[in-house]
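Annotated features in Swiss-Prot:
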TOPO_DOM  2-55  topological domain 'Lumenal'
MOD_RES   2  N-acetylserine
TRANSMEM  56-76  transmembrane segment
TOPO_DOM  77-86  topological domain 'Cytoplasmic'
TRANSMEM  87-107  transmembrane segment
TOPO_DOM  108-187  topological domain 'Lumenal'
TRANSMEM  188-208  transmembrane segment
TOPO_DOM  209-212  topological domain 'Cytoplasmic'
TRANSMEM  213-233  transmembrane segment
TOPO_DOM  234-244  topological domain 'Lumenal'
TRANSMEM  245-265  transmembrane segment
TRANSMEM  267-287  transmembrane segment
TOPO_DOM  288-362  topological domain 'Lumenal'
TRANSMEM  363-383  transmembrane segment
TOPO_DOM  384-389  topological domain 'Cytoplasmic'
TRANSMEM  390-410  transmembrane segment
TOPO_DOM  411-439  topological domain 'Lumenal'
TRANSMEM  440-460  transmembrane segment
TRANSMEM  464-484  transmembrane segment
TOPO_DOM  485-534  topological domain 'Lumenal'
TRANSMEM  535-555  transmembrane segment
TOPO_DOM  556-869  topological domain 'Cytoplasmic'
C-alpha cells in the first residue's frame, strides 16, 4: 500500500479509536445531513479476509492481483528476464499515473464541485425509484434509450455492489448518497493501489541480483531496516487515521469526532507520503540497481505532486491553513520591521539553487551572487588545473574561520549586544546593524556551500569511473532532503528566525513563546539534524572520500556547537528555560524500554546534582567560623593608616602631605577639585619642590623615587618657581607661608590638572627639580560623574554643564583644545560611565561634537539596548 489521506490527521488530529466501538457521527459537506458511518475495514482485510463478505469487484480485484504472479511466470518463461522487467515496469508506471493523475483528478473535482456525489444524485443511482421513473429527475424522459439503459445498469450494479459488500443490516437507502459514493469509490482505489504496489514489487523482485554475495551486505541490512520501519509506519498510520482518512473520506463527508495527534504523525509531516516511502529506498538498496532507485524516486516524487496539488488545497479549503497566532509571530515581526523602517528591505536568502528577495538597488546582493558566479565559472574553466588538495584545505579553512567569526558575533551579541552596540556607537540604527548581520550570515552560508559544491563536483568529475550510480542518486536525495529542511525551517520561523533575529531585535518580540509549528513540531533543532544530511550526501556521491568525510564531520560539529552552546543558552535566556518535547521525542518516550532508560538517566542526574550541592554546602561551612565583620575592611584600613601617620609625625613632626577632608571624603567626583595641604621642615624645603599626581598602580613598585612621568599632572609648591611653565602652576598654588621651623602650603588640583579617568590615585611630594620622593599622600579615588539620564533633556543639561566646567564646550560643541586632559576618549568614557553606552570617536567628529546631538543619540541608544535586555 502506498497512500493514505494523512493531511487531515495532521491539521486537526486523528481518530484513535475504531468507529465500531464509539459513537461517531458524520455530516454531508453541502447539505449538512447527519448520519452514523457504517463499520468498514482496511484494504487487505476487505480483499483477502475469508470471514468478510466480498463483492463482485472485490473478488475481481483479488483475482487480478493474484494473476500478476502467473502472468509474470508465463512472460518470464516465454520472453526472458529483461522483457518481463520492462513489462512490469510499464504496468507500474501505468498504475502510478492512474493513482496520482487519475485518482487525483477525481478527488480534485469532488473537492471543488462534489462531482461524484452530484452525478449519483442526478441519476438516482442510490435511489429506490429507477432512473426512467423518476419524476423529479433533471433529465427528460425522452432521453435516448442507450443512456437510460446505461444509467439503469450503473444503478443496479452499484446497489448490488454495496449490498453484497455490506452487512445485511446496512440500509442502502437510509444513508445519504455521499457515503454510498464513497463505498464505491473505495473499490476503484483498492484496484489501483494494490496493482500499483504489486507491479512495483514484482519489478523489484526481478531486479534483485542472483549472487548471494551481492545480497548479503550492509546495504541489504539497511534496506531491511527501512522496509520494516516502512511497514510500522503504514500499520501505525492506519491505526491512527482508520479508513476514513485512508480513503480520503473528507472529500465526500465530514466526521464529527474527538481528534488527537498520535504515533507516526508525531514523527514526520505527511508520514504516509514522506517516511511512508522509505521502503522504496530500502528495496533499492537491496537491489543495488540505480534503475530501481530512479523508478522509486519517480514514484515518491509523483506522490508529493499528488499531495501538493490535490490534498493540501482541499485541506486548506476545508480546515484552513492550520496556522495560529504563535506560528505567525516571526512573520509579523518581519512585517513590523518593514513597516517601522522604510529603508529596510527583506534580506537576500539562498535556498537551494535559487535566491530569494533579490534587490536590484542593493550592492551586497550583487556582491553575493557575483561571488557565486565567479567561483563557479572559475572552477569550470580551470577544472583541469585545480589541485584538489589545495581546494580541500581552502574549503576546510574557509568553513572553520567563517564559522568562528559568525559564532563569535552571535556569542558576544548574546552576552553584551556587542554587534548592535558597535553600529549604534557609530551613528547607525539597530535595524541597520541587523541588516549588516543578515548579509554576513547569508554570505557565510553561500560561500561555504558554494565551495563545498565545487569541491564535490570536481571530486566526482576526476573519479567518475569509480562512482556508484546508486550512491550518487542517494547522495542527491540527501541534498534534496537538506534543501527541503531549510525551506521548511524558514517557513516555520520566517526571516526573523532564520537570521537569529532574537539575538539582534529581541525588543520586537511581543510573545515570549517558541514556535511548535511546521517542522518544529517534529524536531526541536531540525537544522542540527537534517541541516547537514546534504553534506553527508556528498560523502556518498564521492564514494566515501576521506576528505569529504572530514568536511562532513566539520560541518556537523560546527553546527552542533553553535546550536548547543550559543543558540540554546540564548533561547533559554529570551524565552525561558522551558523543556519542549518534540514529536519524535514523544514517540520515542512512548516506547517502554526507552522510557525506562530515560527514567534511569534522570535518577542518576538527580543523585549527582544532590551530591554536588551537599559537597558545596560542606566546603562553605568554614566561612561561618570567621568574625561577622571580617569582610568589612574599611574601618580596619583607616585605623592602620592613622597609626602609620602617628608614627611618621613622631619621627618628623614637620613632614606632612594630607588631602583636605580625607577623613570625610576619599572619593572625588569630577569636576570637584582636590586640595592638598603640605608641610616641610625649613632645612629640607627647596623652592623647586613639586607635587605630582599618579595612578597608584603605576608607582607602587618604588616608594623612594618616581620612575614614571606625571604627564603634566603636577604643580609647583611656590608661585615663584617654574616661571617658564605658564600660569597654570601658579594658579594651583593657593597658599604658602614659612616659619622658623617649617614651610607649609596649600595646592589645589582642579580640572586643568586632574585625570579624567576612574581610578585610585596618590600625590607625591618631590625634592627640588628631581623625582626623589619625600612624601606620599593617602591613596584616594577619582571618578567620573553619573549624569542624570532620566530624560534626554536632563542628560543634555548635565552633560553641557560638566563640559562647560571642564572648559571644553564652545557654542554648544565639544572642543578638546580647552583642556588637554579631556579629549575625545574622556568624553566617550563620561558618556559610558553615565548612561552605559559608548559612542565612537568617528561618529562624534561626524556630528562636529554637537552636545545636543551626542546626548540625544546616547540616550536613544540606551533606550534601544534597554529594550533588548
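Using the three backbone atoms N, Cα and C, a Cβ is placed for every residue, glycine included.
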- What is the number of residues in the topological domain 'Cytoplasmic' (384-389) that are helix, strand and coil, as DSSP sees it? 2 helix, 0 strand, 4 coil
- Query: Taking pairs 6 or more apart in sequence, does the count of Cβ pairs under 8 Å between the transmembrane segment (267-287) and the transmembrane segment (363-383) hit 3 or more?
  - Reply: no
- Query: Restricting to the same chain and to residues at least six past its boundaries, which positions have a Cβ under 8 Å from a Cβ of the transmembrane segment (440-460)?
  - Reply: 347-350, 364, 367-368, 371-372, 375-376, 379, 383, 386, 388, 391-392, 394-395, 398-399, 402-403, 405-406, 409, 467, 472, 499-500, 535, 538, 541-542, 545, 547-548, 551
- If you count Cβ pairs under 8 Å, which stretch among 56-76, 87-107, 188-208, 363-383, 535-555 touches the transmembrane segment (390-410) the most? 535-555
- Annotated stretches the transmembrane segment (56-76) and the transmembrane segment (363-383) touching (3 or more Cβ pairs under 8 Å): no
- In the topological domain 'Lumenal' (411-439), how many residues does DSSP assign to helix, to strand and to coil? 23 helix, 0 strand, 6 coil
- Run through the topological domain 'Cytoplasmic' (209-212) and tell me, per DSSP, how many residues are helix, strand and coil. 1 helix, 0 strand, 3 coil
- Determine which residues of the chain contact the topological domain 'Cytoplasmic' (209-212) at the Cβ level, with the cut-off under 8 Å and only residues 6 or more beyond its ends counted. 287-289
